[in-house]
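Sharing the features that TrEMBL gives for it:
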- 34-154: domain 'Piezo transmembrane helical unit' (DOMAIN)
- 289-526: domain 'Piezo THU9 and anchor' (DOMAIN)
- 641-807: domain 'Piezo non-specific cation channel cap' (DOMAIN)
- 155-180: region 'Disordered' (REGION)
- 14-32: transmembrane segment (TRANSMEM)
- 39-66: transmembrane segment (TRANSMEM)
- 78-96: transmembrane segment (TRANSMEM)
- 291-314: transmembrane segment (TRANSMEM)
- 334-353: transmembrane segment (TRANSMEM)
- 362-384: transmembrane segment (TRANSMEM)
- 396-416: transmembrane segment (TRANSMEM)
- 428-444: transmembrane segment (TRANSMEM)
- 464-483: transmembrane segment (TRANSMEM)
- 504-528: transmembrane segment (TRANSMEM)
- 720-743: transmembrane segment (TRANSMEM)
Amino acid sequence: RMFHDDELEESEKFYVGQPRVLLLIYALYNTLVARSEMVCYFVIILNHMISASMITLVLPILIFLWAMLSVPRPSKRFWMTAIVYTEVAIVIKYFFQFGFFPWNKHVDYTKDKPYHPPNIIGIEKKEGYVHYDLVQLLALFFHRSILKCHGLWDEDEKGDSSSNKEDTDDELSLTGGRRDSSASLKSVNLAASVESIHVHFPEQQTAIRRKSISSISQLSHRSSFSSHRSKRAVFKNMNHSTLSLYFLQCKLCVIESHCGLCCFRTLQVYVPIRQFFYNLIHPDYSAVTDVYVLMFLADTVDFIIIVFGFWAFGKHSAAADITSSLSEDQVPEAFLVMVLIQFGTMVVDRALYLKKTVMGKVIFQVILVFGIHFWMFFILPGVTERKFSQNTVAQLWYFVKCVYFGLSAYQIRCGYPTRVLGNFLTKSYNYVNLFLFQGFRLVPFLTELRAVMDWVWTDTTLSLSSWICVEDIYAHIFILKCWRESEKRYPQPRGQKKKKVVKYGMGGMIIVLLICIVWFPLLFMSLIKSVAGITNKPLDVSITITLGGYQPIFTMSAQQNQLKSLDPNEFNDFLRSYRGNTAALQFLEGYAREDITRADLEGNSNSLWTISPPSRKKMIQGLLDFDADFTVVLSWTIQRTLEEVYPYYIKAPSDSLAKPIKQLLRDCKWENITVSLVKNVSEEGVREWWVLNQLGKRQKTPQESLELFIFSDKVSPPSLGFLAGYGIMGLYASVVLVIGKFVREFFSGISHSIMFEELPNVDRILKLCTDIFLVRETGELELEEDLYAKLIFLYRSPETMIKWTREKT
């Protein structure tokens, strides 16, 4: 071995011999040290999510627009800014915790108000006001110690001084080599009548240039690339010299007028920021990467959070879920705005990715960072009428959006890929990619929207229909390629029958699936109420009886204590009374003891009978005429004579229409009731009311009363009400028939697609599609037309297709 050290070997043996738990702790610590920068970012964002104030808002914005965009890592100036800012924030919060400030006298009243000024600024009095700030400061000092340990803390200053020296040399060579004159301008003392102003020339920070290893490697580069680099270097040198001259003019303005001092101070801030973003958009070197898939997944997660937690972005936090709101044909405004904004940002991000414009991505990043933070921490609390720190769903959405901001900054720093070839799911040919790709194509309108957007923002000579044709062929060939690769990995010998595991596994699963689809509505409607159903007991039972269309003679209702459930003995006696009645027993099979309610209604009407004398006289004449029919009108619109008029058993289904139960009536006859008019003469006058009494009551009572049994059907849970509301026929029409149509398309028409399905080897066709994508990205549009015509000819010619798809020999 080239290097041997006994102490290192002993140390390695010592660590290997430690317990696994201790090794895990070592590994976690090493991970923490290696990712200390990300730990600082996480703690800063977490502190802002919990505090949600203007004081904590500054550092997250600086993270996404400065730290994460710095190449190759954030500078010492950023970490010092974060440390000093955190220390100042801790002191400010501590100072405003004293009780002599006016806003600290009514803390309980103002602590939940989102637009209370101290709450917005972050200086309100509260318990644990500085805990997360201290954790943030600890994380920053930990990262600072890591950088110092590895010698990276002072690296930026050395790199800046060397690069500044080189830039100064270049500027002097362009301006005539007047080193002394430019150096004398580093510091200018301006004498005024009252005070003296000392103006410093700002140091221009530039990115650390990577030096070439040898001149031979430089000569191996193409001449076009070398000329491009030389032009860029000259342009950058001219840019630096122009900036120096610009600063010289500003300093001369300072000498002439005090107003020029403000301009100069503004330029001291503006010029470094402009130079920072210029170097970011025009880097000397870029490690091209592609994290669009991760950004898309982050946006998708945010989209799901909006859909399932949209109530957190509205005014009333106790609103129902989205299904109940949509079932009432109401689209919440907050939900609509959030969905449209989220979807719009995804479309813009896709357009920037296809156009590969870093400048557009930088502008979009700046707008999105400021816009999201302004909306989430200043507009949303006013809409929801609660602080951001009390909105868990909004906090989750913001955290996922911060992950997106980090990925977006990494994409900007590294640059977009030069070629975008195919779908990200088509990079490998295995079962995972196959099923994910097919699931991606099953999402409604997603495939079509992606194809149209790609056509709009990609340079091509193909028409939209031709583009879609190529995409469809490529998707079809990719699926076939995955199946052929699976056949190679798991070959089936010739003449050998299929294994039972495959037959019963795949075939049995399909059989069970088809049976479940066919009988799903019946099983669903049967089990949803018998197993998962909720007992819906009546809250009020009312009876109204009218004689011959005159004023109601009896009105009574039963509530609360008058509605009683049957005990086990009463329920068993009730069932035994119908032992010989098959129809009644069949009906009672669908009801349990808790579904039956007995309503005890008093026999005395709860309202006086105030009929007019002429109507009273006519009603008496009608009752005395036995040859004429005299009707009794009940509240459920059933008209009968006084005999057999009382239903006794009523079914309360899930809808609002209550019906009598004929299966439980003896000989299908209703119960008899007695009706009598009571007259009371007193000093106040004559009062009359009707008294009704049921003859065949189960609960024998001496008072005049009515007894009524209510059978309540179970109702579906609220979460499944949107399915149960369609009924059996609705489920069959919407589920079984629709799914059956897709299944029928899979099993029928196979003979027409044999030519395009049974392709032994699809590598050549797949390469042709990939070549179309490649020449499109390289700008060879004429060649793209030729390859597309070749692909179309291939699908039009069966003989050529057979030659192209033969197995390689």
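Quick reminder: no glycine exception, Cβ is built from N, Cα and C everywhere.
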Using a Cβ-Cβ cut-off of under 8 Å, list the residues of the same chain that are 6+ residues beyond the ends of the transmembrane segment (428-444) and lie near it.
475, 478-479, 481-483, 485-486
Short question: which residues 6 or more past the ends of the transmembrane segment (291-314) have a Cβ under 8 Å from it?
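Non-local partners: 320-322, 332-335, 338-339, 342-343, 345-346, 349, 353, 380, 383-384, 391-394, 396-397, 400-401, 403-404, 407-408, 410-411, 424.
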Which bits of the chain, at least 6 residues beyond where the transmembrane segment (14-32) starts or stops, bring a Cβ under 8 A of a Cβ in it?
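Residues 39.
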Would you mind listing the long-range same-chain contacts of the transmembrane segment (362-384), meaning Cβ under 8 Å and 6+ residues beyond its ends?
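Counting only partners 6 or more residues beyond its ends, the transmembrane segment (362-384) has Cβ contacts under 8 Å with 52, 57, 60-61, 64-65, 114-115, 120, 277, 280-281, 312-315, 317, 334, 345, 348-349, 352, 391, 394, 398, 401, 405, 408-409, 412.
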Cβ under 8 Å, sequence separation of at least 6 from the ends of the transmembrane segment (464-483): give me the contacting residues as numbers and ranges.
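Same-chain contacts beyond the flanks: 422, 426, 429-431, 433-434, 437-438, 441, 447, 451-452, 454-455, 756-757, 759, 762-763, 765-766, 769, 772, 788, 791-792, 795.
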Can you work out which residues elsewhere in the same chain, 6+ from the ends of the transmembrane segment (78-96), have a Cβ less than 8 Å from its Cβ atoms?
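For the transmembrane segment (78-96), the nonlocal Cβ contacts are 40, 44, 55-56, 58-59, 62, 66-67, 70, 104, 118, 122-125, 129-130, 133-134, 136-137, 140-141, 143-144, 147.
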